[in-house]
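Notes follow the structure.
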Amino acid sequence: METTPIKPTAADETTPSAEQSSNRSSTAKPMSASLREKLKRSRHSFKSPLSVVKRLKIEDDTEPQPSQQGEEEKHGVKDDRDSNVTETDVNRNDMKLQRDSNHTAELPSQQCEALRKAVKERTETLRRLKMVKMYRKKNDLNELQRLTDKWRSCAQSVLYELQRELATGGKQASLSQLIDSFGINDKLLHFDRTEEDFTDT
C-alpha cells in the first residue's frame, strides 16, 4: 500500500523562521551608549545626494545663459557707442561756438573805433536836423533870413570899427586876424580871405 507524501503547511514553514528570529532577539546584545552616540553623529553629518543635486540645479538656473550674456554684451556695446557719439557731437558744438566767439573777439580795434565815430557823427547830424525842423515849424523862414542878414551886417560893421580902433603905429590889424581871434566862421560873415574883405558889402 502506497503512502502519499505530506506537504508541509504554512504554519510549519513559518515556525522555524519565527524560532530563528526569537533566538536572534534573545541572543542580540544591547547597544552600547558610545555606539548610539556615533550613530547620531553620522545621521547629522549625512547629506542626501538629492539635496546636493537640487542646490546645483538652482545655482545653474541663477547663472546667465550664454545667449543672454551675448545679448547683454551687445546691448552694452551699443549703449557705449551711442554715448560716445553723443559726447562727440557735444564736443564739436562746443568747439564751433568757441571758434565763433574768438573770431568775434578778434575784430580790429581800429574798425570798432571807426564805427563809434560814425555813429557819433550820425547822431549829431540827426540832432541838428531835428532842431532845424523844430525852428521851421515855430518860425517864419523869411523872418529868419532877414534876421541872419541883419546879424551879418552888424558883425561886419563891428569888425571894421575894431580894425580902425586897434590900429597901432599907423598899422591896422587884418580882418582875418580879428575873425580868427573871435572864432567866427568865414562863411557866416561872407568873408573872402584872398580879397581880405566881405563879399556882400
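Note: Cβ is positioned from N, Cα and C throughout, glycine not excepted.
The region 'Disordered' annotation in Swiss-Prot covers 1-111.
Per Swiss-Prot, compositional bias 'Polar residues' is recorded for 12-29.
The compositional bias 'Basic and acidic residues' annotation in Swiss-Prot covers 71-103.
Outside the coiled coil (109-131) by six or more residues, the chain places nothing with a CB less than 8 A from a CB of the stretch. The coiled coil annotation in Swiss-Prot covers 109-131.
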**Request:** Would you report the average pLDDT that the model assigns to the coiled coil (109-131)?
**Result:** 90
